[in-house]
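Listed in Swiss-Prot for this protein:
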type	residues	note
TOPO_DOM	1-20	topological domain 'Cytoplasmic'
TRANSMEM	21-41	transmembrane segment
TOPO_DOM	42-69	topological domain 'Extracellular'
CARBOHYD	N56	N-linked glycosylation site
TRANSMEM	70-90	transmembrane segment
TOPO_DOM	91-94	topological domain 'Cytoplasmic'
TRANSMEM	95-115	transmembrane segment
TOPO_DOM	116-132	topological domain 'Extracellular'
TRANSMEM	133-153	transmembrane segment
TOPO_DOM	154-159	topological domain 'Cytoplasmic'
TRANSMEM	160-180	transmembrane segment
TOPO_DOM	181-186	topological domain 'Extracellular'
TRANSMEM	187-209	transmembrane segment
TOPO_DOM	210-227	topological domain 'Cytoplasmic'
TRANSMEM	228-248	transmembrane segment
TOPO_DOM	249-259	topological domain 'Extracellular'
TRANSMEM	260-280	transmembrane segment
TOPO_DOM	281-293	topological domain 'Cytoplasmic'
TRANSMEM	294-314	transmembrane segment
TRANSMEM	316-336	transmembrane segment
TOPO_DOM	337-351	topological domain 'Cytoplasmic'
TRANSMEM	352-372	transmembrane segment
TOPO_DOM	373-404	topological domain 'Extracellular'
TRANSMEM	405-425	transmembrane segment
TOPO_DOM	426-467	topological domain 'Cytoplasmic'
Amino acid sequence: MERPRHQGMTKNTYMRWRLPLICLLWEVAMIILFGVFVHFGPEADAHWEEEKREMNLTSDIENDFYFRYPSFQDVHVMIFVGFGFLMTFLKRYGFGAVGFNFLLAAFGIQWALLMQGWFHSFQNGKILIGVENLINADFCVGSVCVAFGAILGKTSPVQLLIMTLFQVTLFAVNEYILLNLLHVKDAGGSMTIHTFGAYFGLTVTRFLYRPNLEQSKDKEGSVYHSDLFAMIGTLYLWMYWPSFNSAISEHGDAQHRAAINTYCSLAACVLTTMAFSSMLQKKGKLDMVHIQNATLAGGVAVGTSAEMMLTPYGSLIVGFICGIVSTVGYVYLTPILESKLHIQDTCGIHNLHGMPGLIGGIVGAITAAAATEDVYGKEGFIKAFDFTGSYKTRTPSIQGGFQAAGIVVSLLMAFAGGTLVGAILKLPIWGDPADENCFEDDIYWEVPEDEESDVYHMHNPDKAASP
């Protein structure tokens, strides 16, 4: 006999037709669009041998694959393992955290290859893709994973897929405006990935505000083993963040510099986070929420300026500041956002991605405005900011102004896009869980028998107590 489901469930969360239909329809659409538009780039095409002769290359080692693929591997692990496991801290939402992150990322990278391809690598009616396109698609999906953190445990998989469709589209537009029209530098995505993703997600979760979410408060916390799983995600993200911030930088000194700056900022951020986590607790004990999240803020904040001459000590300062800002945000700001602004931020993305992303954009603007030929050298100065062609007359101060404008554009795109998507997801047709069933795997997943029994008894205490 099938076990009775949770009492009090007032919403239809039945996914048997909704989820398969949208997944299959969208995958068929991807197959058709890829068939029409997508082709291998020159360095992935079988005509590479002719390309080598034309470019006077003697070895396959000059193929961009061998420069970019190690970084791509690291970024790929961050998206699917790092972000996925970071969100497993919820005691009863481990399947949803990893599984839905897997789902939206797998769909998102396909749509991102198309959207970014139409903007950046569309030639003669075809999108030409190579390993750098794969990295950029992962970056785009990283922004979606950030937004997912704000609504974790409160949405259906169908809502997540719809959000991914819109967010990837808006990300590609925002990225094109910043990188191509404003000509800003944002190698590690402080503005395009973190600022946009965080404030997009926060706007969406504001529209999806649940006044009775207190009914699920008992499941919103963590247990010992769920925090350990989340810490696995933290460590993967922390270790690979230098690759993330340097993955698409120019070969040579820029990529080298980006990795060093990120490395230093992350290290400083850990010590500051530990210090303030202890300082802000009455008994001086460390809070695992801070260690899992705030320790990564240094990587976020150094993203825009990573390939600039920020210097190692400058990176340490950025990491130091972000450790403080992020930890203080978790302690004081997150409760205020929920009680005063009705922003229910499950993972605290405002503290890990939002504020550090803004700091990163500001640091990038200041570093660009302060750049001189004495520091960079004449050729290095031109190369670092790509002051060529129509931008050859641009000065550091003007570049700094455009960098600051990039922050504003990202925020406007995030708020406008989040408002649109939040309004769509608010419609009562997507199978989202009832307030009392949020943060619960059992709504959308088959869970092991003993776990399911625990959930049933938790919602039916009278029967649990009966002999």
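Cβ atoms are placed via backbone N, Cα and C, with glycine included.
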The topological domain 'Extracellular' (116-132): DSSP-derived helix, strand, coil residue counts: 7 helix, 6 strand, 4 coil
Neighbour count (Cβ, 10 Å) for the residue listed as 'N-linked glycosylation site': 6
Three-state composition of the topological domain 'Cytoplasmic' (210-227), taking helix and strand from DSSP: 11 helix, 0 strand, 7 coil
Residues of the parent chain within Cβ reach of the topological domain 'Cytoplasmic' (91-94), under 8 Å, 6 or more residues beyond its termini: 152-153, 219, 221-223, 226, 229, 439-442, 455
Stretch contact, the transmembrane segment (405-425) with the transmembrane segment (228-248), Cβ-Cβ under 8 Å, 3+ pairs: no
The transmembrane segment (70-90) vs the transmembrane segment (187-209): 3 or more CB pairs under 8 Å: no
Contact call for the transmembrane segment (160-180) against the transmembrane segment (316-336), three or more Cβ pairs under 8 Å: no
Per DSSP, three-state class assigned to N56 (N-linked glycosylation site): coil
Recorded stretches the transmembrane segment (187-209) and the transmembrane segment (316-336) touching, at least 3 CB pairs under 8 Å: no
Candidate ranges 21-41, 133-153, 316-336, 352-372 - greatest C-beta contact count to the transmembrane segment (228-248) (under 8 angstroms): 133-153
